[in-house]
Amino acid sequence: MEIEFLGTGAGSPGKFRNVTSTALRLLDERNSVWLFDVGEATQHQILRTTLKPRKIDKIFITHLHGDHIFGLPGLLSSRSFQGGDAPLTIYGPKGIRNFVEVSLRVSETKLSYKIRYQELTTDGLVFEDGKFRVYAQHLDHRIECFGYRIEEKDHPGELQVEQLQAAKIPSGPVYGQLKAGKTVTLPDGRVINGADFLGPAQPGRIVAILGDTRQTPNAEKLAINADVLVHESTFAKGESKLARSYYHSTNIQAAELAKRMHVKQLLLNHISARYTGKMAAELQHQAREVFKQTRVVKDFDEIEVPFEKLTKEGTPS
């Protein structure tokens, strides 16, 4: 699981930062990529990465401001031109379907795949499969806006081979059955429950990706105990009143949220073009005074979301 930032700027494209788009690479977990927001020129940014549009099977839109959606029609079109034929699902506020369908109809664009739409009206679970759950919560922005919480389901515990050997259970295909937690009958008649030979379940990872927002209790629900929190930082320390008036957040507010909600790593994006070079470094320095594990990300930064294994005693290894 990796996060790749395709655009980390705010408002409009700049020399050093494109507008917002974030890729969650789940190639090992489900051989797919999920995008969060698709600002203008996102497909150009993708050309500078190893991402393949046909691998994108879900797009989560936080809100309908142009710097978060203007790249969507072009990306959908290019995915089709490049041979993508698998269905794609778009999640987002009411209106996202109309935006996409009108854009494609007016430009007479025909896609080689089906788009499914899930327009969000309430908070809660929006997707679940055998490996992941995704939750959405309303945020506090000038227009309807959502944040997303991606929860990986727990992994089965590791097979305790030493215990199996001590119990004189011979190795072979039976180990695979026991690893799956199945109950098996051995040739000598013994009935073995696989669950008795598994270590503690390994907790899945949690990533929270927020859209534009002022401080709100719903952000806490999304962020709590996250391995990684992606949070906007449109304004700097000392600009909280300005941030509130524009329905945005400061770097300090994001850091305070991360600290309060026991987040492991905070990644700040949606950086205004006002902050370049030393000023961007100062944004990071200010936030780290509150929450040390903070990073101001740049376009094309890749962040691995580590998988923390538990020992037999249930403590981090």
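Using N, Cα and C of the backbone, Cβ positions are placed for all residues, glycine too.
In the three-state DSSP scheme, ASP67 (active site, proton acceptor) is classed as helix. The active site, proton acceptor annotation in Swiss-Prot covers ASP67.
Taken from Swiss-Prot, the feature Zn(2+) 1 binding site covers HIS63, HIS65, HIS141, ASP212, and the record attributes it to sequence analysis. According to DSSP, ASP212 (Zn(2+) 1 binding site) sits in a coil region rather than a helix or strand.
Among the features that Swiss-Prot reports, Zn(2+) 2 binding site is placed at ASP67, HIS68, ASP212, HIS270, with the record citing sequence analysis. Counting only same-chain residues at least 6 apart in sequence, those with a Cβ under 8 Å from the Cβ of HIS270 (Zn(2+) 2 binding site) are THR8, GLY9, ALA10, THR20, ASP212, GLU232, SER233, THR234, HIS248.
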Next item on the list: Counting Cβ neighbours within 10 Å across all chains shown, tell me which of the binding-site residues HIS65, HIS68, HIS141 comes out on top.
Entry: HIS68
Notebook entry, point to check: If you count Cβ atoms within 10 Å of the Cβ of ASP67 (active site, proton acceptor), leaving out that atom itself, what do you get?
Noted result: 22
Notebook entry, point to check: Are there residues of the same chain, six or more positions away from HIS63 (Zn(2+) 1 binding site), whose CB falls under 8 angstroms from its CB, and which are they?
Noted result: GLY92, PRO93, HIS141, ILE143, GLU144, CYS145, PHE146, GLY211, ASP212
